[in-house]
Amino acid sequence: MNDDPIVGVLALQGDVREHLAALAECDVIARPVRRPGALAEVDALVIPGGESTTMSKLAQDFDLAGPIRERIAAGMPTYGSCAGMIMLARTVLDGRPDQRGFDGIDMTVRRNAFGRQTESFEAAVPIDGLDDAPVHAVFIRAPWVESVGPDVRVLGRVTSGPAAGRIVAVQQGSLLATSFHPELTGDLRVHRLFVEIVRAATSTTEA
Ligand SMILES: NC(=O)CC[C@H](N)C(=O)O
């Protein structure tokens, strides 16, 4: 029954198509989620990169903010990349005062943290659990994680340059977040890692 979990991609704004394409290659059923009815049908959710302030507003306009928060609190596996990481954070620095996330991961993130001169850059980032080679990480006006709570596992940090040591990949239970955009590179390992998390979570709840 769990052979093909249904993984939704929050489709309000951002690079939705790229995540749907990456997930479709990972042996799951990938679907856009734009309405509460579609959310109710998915086992897991991906929150794409884009602009967190816009996503926050649209989530409220589309009556998805409350239901997503509730599903996450109830254990729905969720992966956020870039703006999606911001939406999953408990605390956001340099956000808009009215922006509201889904309160998933016990962490503080800083929006647009890498600064103007390094708005976009690429770096090799070793990720815990993906040990064969570092991930080629694409950062676009990305957040970094300033601090994490005791239940959050740090999976990856920037290894060189002025931002060396900054946390850019984390996991808390079935919640995963990266500052960067694996959906843009064709490297499916982060999506596969998430699908493993989804399979583990759905098999325990339905066993
Ligand atoms: N590429 C991205 O997702 C950028 C995130 C954006 N800076 C935000 O605050 O939401």
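Each position is counted from 1, following the chain as shown.
From the backbone N, Cα and C atoms, a Cβ is placed for every residue, glycine too.
Please treat TrEMBL annotations as automatic predictions, because they have not gone through curation.
Just one of Arg31, Arg111, Arg166 is listed by TrEMBL for the same L-glutamine site as Gly50, Glu51, Ser52, Ile140, Arg141, and that one is Arg111. Contact annotation for recorded positions (Ser52, Arg111, Ile140, Glu183) versus ligand 1: Ser52, Arg111, Ile140, each with CB under 6 Å from a ligand atom. Here the binding residues for L-glutamine are Gly50, Glu51, Ser52, Arg111, Ile140, Arg141. Their largest Cα to Cα distance works out to 13 Å. According to DSSP, Ser52 (L-glutamine binding site) is assigned to a helical segment. Within its own chain, Ser52 (L-glutamine binding site) has Ala83, Ile86, Met87, Val92, Gly95, Gln99, Gly101, Arg111 as residues 6 or more apart in sequence whose C-beta sits under 8 angstroms from its own.
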